[in-house]
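Visitor: Before I ask anything, here is the structure I am working with.
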Amino acid sequence: MEAAVAAPRPRLLLLVLAAAAAAAAALLPGATALQCFCHLCTKDNFTCVTDGLCFVSVTETTDKVIHNSMCIAEIDLIPRDRPFVCAPSSKTGSVTTTYCCNQDHCNKIELPTTVKSSPGLGPVELAAVIAGPVCFVCISLMLMVYICHNRTVIHHRVPNEEDPSLDRPFISEGTTLKDLIYDMTTSGSGSGLPLLVQRTIARTIVLQESIGKGRFGEVWRGKWRGEEVAVKIFSSREERSWFREAEIYQTVMLRHENILGFIAADNKDNGTWTQLWLVSDYHEHGSLFDYLNRYTVTVEGMIKLALSTASGLAHLHMEIVGTQGKPAIAHRDLKSKNILVKKNGTCCIADLGLAVRHDSATDTIDIAPNHRVGTKRYMAPEVLDDSINMKHFESFKRADIYAMGLVFWEIARRCSIGGIHEDYQLPYYDLVPSDPSVEEMRKVVCEQKLRPNIPNRWQSCEALRVMAKIMRECWYANGAARLTALRIKKTLSQLSQQEGIKM
């Protein structure tokens, strides 16, 4: 009888071990599909499915509490053993509590909050409130004296050397920016590198030298793992400009060989001030304005500069329909200073901070209230006389075409044939002051209907004759009569084939 009872024990032990193994496997993210509570998934009965973890958070500010429940994909669990997304965080004025779990609907819970009503101020607290500002003023004065004494006013934190350990967990050794961009364009969403990768790159860049200043900030040449990059640094006052430009650059399917290659955006806070960074490809020739000031160009060089500019603008203006589509974009500040010259003699369009996107589904334009923006010298007639139709997206594209015609004029003047060329000049240099007002430009362009002078010598060269014809058709007072960027691109492509030019 005892032998009969003892016989099943090994079988029972095996069943227990199997159950334990199954339970352990269930704890690993990605082991099986999880069903999680999702407060935004109204069409799916507030349920989402993931191969990672369920997530719930509560963010507390001084005046409200925000609850968030959703799925976290396994690919976003970085690092895998202690994901950043599952860690609590705190910022000035807010505290976020998070919880990650791996059971079906395990995130359908209410996390405890810590915000409590503050009691009335007692004598000690009242004294602290009064003494606090006084102490702050004293400390500030002492700090100013210290800074003046040492004569060191630091505007940018420039590390002496890179610390590769900072990016090792996320970006493997030997990985280049070209590798990261290629991976992003072939397997990603097409809207830019993941934010964590962008931040990792930005925080391991070594600034080398300041190479220019613009309307919203300063541009530096920097290095990341030996590769040169351009870093546009905005002050904290220009946060909206920084955010807008980063947002436009990360538009799905925007990447193009004739649009400046965006790499990363990051905000760097050292406790005293905040710097807002935009990291992009570095082009040693600088802007087209600088390039034309320094060099003349051949017929081939002129066609390359013009065709690549037209190709970039045509890509901006084009809407790509589909799940990985791209909205049509108008630049609104096209000029030679916002076009960069690449090492191979072609151009890429930069400075998209004033650009607007068109949503064809709703026929709306995301535009700031102030529509008279950009550089006055390059403003189209309809912008100068305030007759532009702000609700019609084609109006903005036509204004870009007018500006590109002026850029082509700048390029063609520097085309040297038989040693003959014109000095570099800005459009309307002989008609308006160096910094013209809107009224001065309106008088010349709209009332007198003047346009930049086209030299007679251009008629003796087929390439310059074609360029002159394109310019005139870009400068029509009636925007609807102007050429499109795609038409200009095709005309210049035919010209390059006739001249035997390989792009």
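For all residues, glycine too, the Cβ spot is worked out from N, Cα and C.
Because the structure is a prediction, the values reported are computed rather than measured.
Sharing the record's features from Swiss-Prot:
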- 1-33: signal peptide (SIGNAL)
- 34-126: topological domain 'Extracellular' (TOPO_DOM)
- C36-C54: disulfide bond (DISULFID)
- C38-C41: disulfide bond (DISULFID)
- N45: N-linked glycosylation site (CARBOHYD)
- C48-C71: disulfide bond (DISULFID)
- C86-C100: disulfide bond (DISULFID)
- C101-C106: disulfide bond (DISULFID)
- 127-147: transmembrane segment (TRANSMEM)
- T185: phosphothreonine (MOD_RES)
- T186: phosphothreonine (MOD_RES)
- I211, G212, K213, G214, R215, F216, G217, E218, V219, K232: ATP binding site (BINDING)
- K268: ubiquitin cross-link (CROSSLNK)
- D333: active site, proton acceptor (ACT_SITE)
- K391: SUMO cross-link (CROSSLNK)
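What's the neighbourhood like for each of these?
Guide: Around C36 (disulfide bond), the same-chain residues at least 6 positions away in sequence with a Cβ under 8 Å from its Cβ are T47, C48, V49, T50, C54, F55, S69, M70, C71, D104, H105, C106, N107.
Secondary structure from DSSP puts C41 (disulfide bond) in coil.
Around C71 (disulfide bond), a 10 Å sphere centred on its CB holds 22 further CB atoms from the protein chains shown.
Around the Cβ of C86 (disulfide bond), the same chain contributes L53, F55, I72, T98, Y99, C100, each under 8 angstroms and 6 or more positions distant in sequence. Taken residue by residue with DSSP, C86 (disulfide bond) is part of a helix.
All chains included, 15 other C-beta atoms sit within 10 angstroms of the C-beta of I211 (ATP binding site).
The Cβ neighbour count for K268 (ubiquitin cross-link), using a 10 Å radius and every protein chain shown, is 16.
Proximity of D333 (active site, proton acceptor) to non-local residues of its own chain (separation of 6 or more, Cβ distance below 8 Å) is seen for D351, G353, L354, V373, G374, T375, Y378, given in sequence order.
Under the DSSP three-state reduction, K391 (SUMO cross-link) is assigned to coil, being neither helix nor strand.
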Visitor: Using C-alpha atoms, which one of the recorded positions C41, N45, C101, K391 comes nearest to I211 (ATP binding site)?
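Guide: With Cα distances computed to I211 (ATP binding site), the winner among C41, N45, C101, K391 is K391.
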Visitor: List, in sequence order, the residues of the same chain other than I211, G212, K213, G214, R215, F216, G217, E218, V219, K232 whose Cβ lies within 8 Å of the centroid of the Cβ atoms of the recorded ATP site.
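Guide: Sorted by sequence, the hits are I233.
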Visitor: Kindly report the helix/strand/coil residue split of the topological domain 'Extracellular' (34-126) according to DSSP, in that order.
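Guide: Residue counts in helix, strand and coil order: 13 helix, 36 strand, 44 coil.
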Visitor: Under 8 Å Cβ to Cβ from V219 (ATP binding site), same chain, six or more residues apart: give me those in sequence order, or none if nothing qualifies.
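Guide: In sequence order, the residues whose Cβ lies under 8 Å from that of V219 (ATP binding site) (at least 6 apart) are S210, I211, G212, K213, A230, V231, K232, I233.
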Visitor: Cβ distance under 8 Å to R215 (ATP binding site), same chain, sequence separation 6 or more: which residues?
Guide: none
Visitor: Taking only same-chain residues 6+ apart in sequence, whose CB is under 8 Å from that of C38 (disulfide bond), what do you get?
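Guide: In sequence order, the residues whose Cβ lies under 8 Å from that of C38 (disulfide bond) (at least 6 apart) are D44, F46, T47, C48, S69, M70, C71.
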Visitor: Can you tell me which of the recorded positions C41, N45, C101, G217, K391 is spatially closest to K268 (ubiquitin cross-link)? Compare CA atoms only.
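Guide: Nearest by Cα distance to K268 (ubiquitin cross-link): G217.
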